[in-house]
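K.L.:
Heads up, here are the entries from TrEMBL:
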type	residues	note
DOMAIN	147-350	domain 'TLC'
TRANSMEM	7-29	transmembrane segment
TRANSMEM	61-81	transmembrane segment
TRANSMEM	102-123	transmembrane segment
TRANSMEM	211-229	transmembrane segment
TRANSMEM	236-257	transmembrane segment
TRANSMEM	277-301	transmembrane segment
TRANSMEM	322-343	transmembrane segment
Amino acid sequence: MTPLQEGLLGTIIIAIAIWSEPLAIKIGYLDEDFTSRLFDAAPPAETWGTMFAPARGFERYIAYEMLRALATHLGAFYLLGAVRDKWAAAKTADKRQILSRGVMNVLFLAACGYRGLMMWRGWYVEAGWPSIPAALQHVHSALTVGCTATEGNWMTFWKSSDGTGCAPLRFVPQTAHERLYDYDADFQRLSVVMFAFQWKNLLDSVYFDDGLIFVIHHSVVIVVSLFALHPFSHLYGSFFFGVSEVSTTVLAVVALFDAEHGVEELERDFPNTRLVIGGVFAVSFFIVRGIIWPYLTYFYCRDGFRILDNDPDIHSRFLVKLFMGGLLTLSVMQVIWLGQIVLKLREELGGMLSSSKAKAA
């Protein structure tokens, strides 16, 4: 195909991906009321603890999301073909493949991050907090103390309507069981999307030989996102599947500049852009993955051990342990990646200092 033909084909595929939901409803693949039917209520309790029952009823939607990710990937590939003769970074099919995967990852991860932030924003508005520091203080108090306030510590909470005690938060329930089993329709849909997207990512990682650590990461997230549909861990999942992907979105952009796995022409053509995005990523990773991630991991594991110890209504001891093991595995990966970021920053800063000294001399 000529560059023009590839560009037109890419435009058509991207348009289909963007308007895929109404198209899927129009052709009868998805029901018109599929959103309310699938996500308004939690699955029946009798399916909890069974291996693949959580996915039943979601199969068509999972396939739809996988096809949408594939269409985004394919459409971006052909769109880049339109400039293959004008831009060195898109000259070969291999380079266009890397860039188009990057486009898919950035768009889907950004969508997950946005959904997570909107969940948190809704809770922020509902609670009526006057500032972010006040919100952080209240949530921390709800997680650490609960509503068993004493005269010495109840001022860390908002007063209840009668002014005599703490005001509980609907979205931070007061018991470990409720915090882990509370259902959230927005997160249920986010979990289905994550399940489908990570299957696409896993297949890509195997095909393009991304490395074992990425295969492990995608596999762990696939398992966790499947069993989150019970429902399970929705409160904490709003961060781990949602808000945390804000930093991953920036990482997906930075990865495109990588000399080994990215496109080297990007660094050559946009050196300052890479430095700025790299700095944004380092800051976002430190805040999101270096501070908030271990903080919530602690409370998640604490609640997990509590229901393992004395909760007769636990749905599956195996799955609770599996979730904690998966989270700890991902947490170890955060430490590894954080170390790599620090080493990369030292290398970058060392190169910049050497360059500055050479110019001064």
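Heads up, the Cβ atoms here are built off N, Cα and C, so glycines get one too.
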K.L.:
Report, as numbers and ranges, every residue of the chain located at least six residues beyond the transmembrane segment (236-257) whose Cβ falls under 8 Å of a Cβ in that stretch; write 'none' if there are none.
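P.N.:
Those are 98-99, 102, 105-106, 109-110, 112-113, 115-117, 119-120, 179-180, 184, 187, 190-191, 194, 221, 225, 228, 263, 266-267, 270, 274, 277-278, 280-281, 284-285, 287-289, 292-293, 296, 299-300, 327, 330, in sequence order.
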K.L.:
What parts of the chain pack near the transmembrane segment (7-29), using Cβ distances under 8 Å and only residues at least 6 beyond its ends?
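P.N.:
Long-range Cβ neighbours of the transmembrane segment (7-29): 1, 60, 64, 67-68, 71-72, 74-83.
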K.L.:
Take the transmembrane segment (211-229) and find every residue of the same chain, 6 or more past its ends, with a Cβ under 8 Å from one of its Cβ atoms.
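P.N.:
Answer is 43, 52, 54-55, 58, 187-188, 191-192, 194-195, 198-199, 201-202, 205, 237, 241, 319, 322-323, 326-327, 329-330, 333, 336.
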K.L.:
Looking only at residues six or more beyond either end of the transmembrane segment (102-123), which have a C-beta under 8 A from one in the stretch?
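P.N.:
Contacts of the transmembrane segment (102-123) (Cβ under 8 Å, skipping residues fewer than 6 from its ends): 69, 72-73, 76, 169, 171, 184, 186-187, 190, 193-194, 197, 200-201, 238-239, 241-246, 248-249, 252-253, 255-256, 262.
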K.L.:
Taking a Cβ cut-off under 8 Å, which residues six or more beyond the ends of the transmembrane segment (277-301) line up next to it in the same chain?
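P.N.:
Residues 143, 233, 236, 239-240, 243-244, 246-247, 250-251, 253-254, 257, 324, 327-328, 331, 334, 337-338, 341, 344-345, 348.
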K.L.:
So what's the average pLDDT for the domain 'TLC' (147-350)?
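P.N.:
Across the residues of the domain 'TLC' (147-350) the model's pLDDT averages 84 on the 0 to 100 scale.
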